[in-house]
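Participant: Before I ask anything, here is the structure I am working with.
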Amino acid sequence: MITSWIPYLPLVAVLFAVVYLPGYGSLRILGLSRATAANVAPAVTFAIVGVSAMVAGLAGLRWGWAVFVGATVMSLLVALTLRPLFVRLELGRLPEIDVAPRATRAHRISLALTLLFLIVPIVWLADPWAPSVQADPMFHYNTANAVVKTGDASMLSAIAPSYGITALPTVYPTVWHAIVALTGEQLIMPASHLLAYVVVPTIWVFGADYLTRQLFPTRPRVWVAAPLTIAVLPYFPNFLTVSRGFWPNSLALAAMPAAAGVVIAWLRILRTQPRQSIVQTALAGIAIFGVSLLGLGLAHPGAVFALLWPVTLPLAIRAGLAIFTAIRFHTFSRDDRLAMTGAGAFALLVLALFSSEKVRDFFGRSNPRSWDFAERFATLGDELASFSTPLVVAGVVVCVGLLVACAAVVVQVWQISTGRWLVLAWTAQWLALIGAYVDSSIFSAIAGIWYHDPKRIMAVQGLITGLIVALWIERASSKLNPVAVFACGAVATIALGIVLRIGNVYQDAQPAIGEGHPIDSQEELDLLKNLDSLVPPGSLVVGDPTTGIGYAPAYGDVNVVFPQVNSHPKDADGQYLIANFSDIHTDPHVCTILTNYGIRYYYEDDPLVYQKRDRSETWPGFYEVDTARGFTKIAETDGGSLWQIDACGPIPEPDWWDIQARRTPLPTTPSAE
């Protein structure tokens, strides 16, 4: 219920302040408009957080409020130094048009309705202290906890302890975890939920609105329609944050529309800027966009490519037209020069990104799907065979009708000059979606940006589709009563959005407690919440994380050996326990590992079928353990049991957060690879 969130209103205010104030202050000092500064602020803040976390990590400073505030002050001082170069740049100021007060009110109501629609149902259904049971959130809770414990929030090293026993050097975006860690280890779970379910949608809605107004500065009816049409499809932000738990990716994607909007604002200025100041304007715009792009990349690199890919096709065609015009008519307008310069800069940026092995790995990902037309048609035939013929015919008619309607909308939007670029971007996203399903094509490599996940691709497609529909609504309703159009449109879009979320998003938002879930009962959840009162502070517990024990660090001062549902093949000691812990009475090396790392407790529960795999087969060592001897029961519920391990004799106190001691596995442990 919403009332359970009321005590955390100060917490959400802190999160909003952390996300917005550093970037907003810096951009306002540079002279940017309030609207531009407010909407681009999150991306700039992510750059400040990401860079300062890496610098602090290299300097041996603990991440916390002191480093964050210091980095914010430093960014403000840098902005103050650069202010003379920016102050005359009216970046993001919309053309002065006569907007009726009724349209202004409708625009504000549309934004408010969209925010309520995206946030209130999720908050109503969710619980601040009930964990998300998707695969990724456990990892994110525990990585934020690791940042608090170690003081390391650098993307170069922060997640080293998050793969099991061996601290493996891995590069991973940690802006999300750094922000959550500022709230302290006692509030990691509610802070994570508020950041995902409240802050991310807010960034997205206002950023998308900013992009809309930059794309269509003289079309207030599009401003009114776009927030609701963009929110109809459930893929973003609700599906990715609630049903998938892709929180760092969602944080970066939420800031993406505003970053795109600032580029459009900058290009508009370049088109009309006097020749003598065009270089300064260009450099200023590049700097602001560069910092925004850096922020997106540090929050999650996938957002950078999610921003760049949709503009590839429109930019290539526009540059091609400029070249054709120059050759055919021997003219080269300022717009043509901008198109050519933009295409060149885009190509250089892509080449620079591809110089990174990590980026090349994105495109080299193997597609988990294969496409065989005969197999697909056979599967479709089997599915349709279970329905009556009239129902199948009706379904085909509806699908054909939707395709025809979609084509009609696209054709009408294509007739609007700005709409053509949207249609091209929309087409580019469909090509990426095809690549997610069909292997062995250039588009399959492009889809690797999104891990070949169609839902991630649709997160961006939902934005473009919403803009196209909003533009079509403006065109189709130009002669109708605007009040009636807005009222009917708002009801229809929200109703459709709710229908599309029933059965997935809204179901996934509810606390997942019961049979078939990691937490079997409310009693088990209470046990996990109070685990630190049953064992000494900082105690280390081993067990399959899907038994629920993986959530324990988010509730108190308890550590777990495996902080996520997946293991790493290079974690030799961890892999040995996964395979052989149940042999504790006969295999002395099990005790050697437990004693060396101070693992004194074991959490037991029945195995789950998790992600379509039986955990007793993938993590066999933690099931069918003989606890009749060599173990002392500390607590038990109908969902799980906590045991003290006595079979290995006295086990010393753990020093779990001494990361250097965990860099390499024990020399006597066989390699898991």
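Cβ from N, Cα, C; glycine included.
Features from TrEMBL:
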TRANSMEM  6-25  transmembrane segment
TRANSMEM  37-59  transmembrane segment
TRANSMEM  106-126  transmembrane segment
TRANSMEM  194-211  transmembrane segment
TRANSMEM  223-240  transmembrane segment
TRANSMEM  279-299  transmembrane segment
TRANSMEM  305-326  transmembrane segment
TRANSMEM  338-356  transmembrane segment
TRANSMEM  391-414  transmembrane segment
TRANSMEM  421-451  transmembrane segment
TRANSMEM  457-473  transmembrane segment
TRANSMEM  480-500  transmembrane segment
Participant: Is the transmembrane segment (391-414) in contact with the transmembrane segment (457-473), using three or more Cβ pairs under 8 angstroms as the rule and ignoring pairs under 6 apart in sequence?
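Facilitator: Between the transmembrane segment (391-414) and the transmembrane segment (457-473), which are separate recorded stretches, there is contact, as judged by 3 or more close Cβ pairs.
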Participant: If we call contact 3 or more Cβ pairs under 8 Å (sequence gap 6 or more), are the transmembrane segment (6-25) and the transmembrane segment (194-211) touching?
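Facilitator: Yes, the transmembrane segment (6-25) and the transmembrane segment (194-211) are in contact.
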Participant: Are there three or more C-beta pairs under 8 angstroms joining the transmembrane segment (305-326) and the transmembrane segment (338-356), sequence spacing 6 or more?
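Facilitator: Yes, the transmembrane segment (338-356) and the transmembrane segment (305-326) are in contact.
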Participant: Spell out yes or no: are there three or more C-beta pairs under 8 angstroms between the transmembrane segment (279-299) and the transmembrane segment (194-211), with each pair 6 or more apart in sequence?
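Facilitator: Taking Cβ pairs at least 6 residues apart, the transmembrane segment (194-211) and the transmembrane segment (279-299) are not in contact, as fewer than 3 fall under 8 Å.
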Participant: Any chance you could find the range in 37-59, 106-126, 223-240, 305-326, 421-451 with the most Cβ pairs under 8 Å to the transmembrane segment (480-500)?
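Facilitator: Per the Cβ under 8 Å count, 223-240.
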Participant: Using a Cβ-Cβ cut-off of under 8 Å, list the residues of the same chain that are 6+ residues beyond the ends of the transmembrane segment (223-240) and lie near it.
Facilitator: 103, 106-107, 110-111, 113-114, 117-118, 122, 200-201, 204-205, 208-209, 212-213, 216, 246, 249-250, 253-254, 455-456, 458-463, 465-467, 469-470, 473-474, 486, 489-490, 493-494, 496-497, 500-501, 504-505
Participant: If contact means at least 3 Cβ pairs within less than 8 Å, sequence distance 6 or more, would you call the transmembrane segment (106-126) and the transmembrane segment (37-59) in contact?
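Facilitator: No; fewer than 3 Cβ pairs under 8 Å.
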Participant: Residue list, the transmembrane segment (37-59) vs rest of chain: Cβ under 8 Å, 6 or more residues beyond ends.
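Facilitator: Sequence-distant neighbours of the transmembrane segment (37-59): 18-24, 26-28, 67-68, 70-72, 74-75, 152-158, 173-175, 178-179, 203, 206-207, 209-210, 251-252, 254-255, 258-259, 261-262, 288, 291-296, 298-299.
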Participant: So what's near the transmembrane segment (194-211) in sequence-distant terms, Cβ-Cβ under 8 Å and 6+ beyond its ends?
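Facilitator: Same-chain contacts beyond the flanks: 5, 8, 11-12, 15-16, 19, 35-36, 38-39, 42, 92, 111, 114-115, 118-119, 122-123, 126, 128, 176, 179-180, 223, 226-227, 230-231, 236-238, 241-242, 245, 247, 250-251, 253-261, 264, 463, 466-467, 509.
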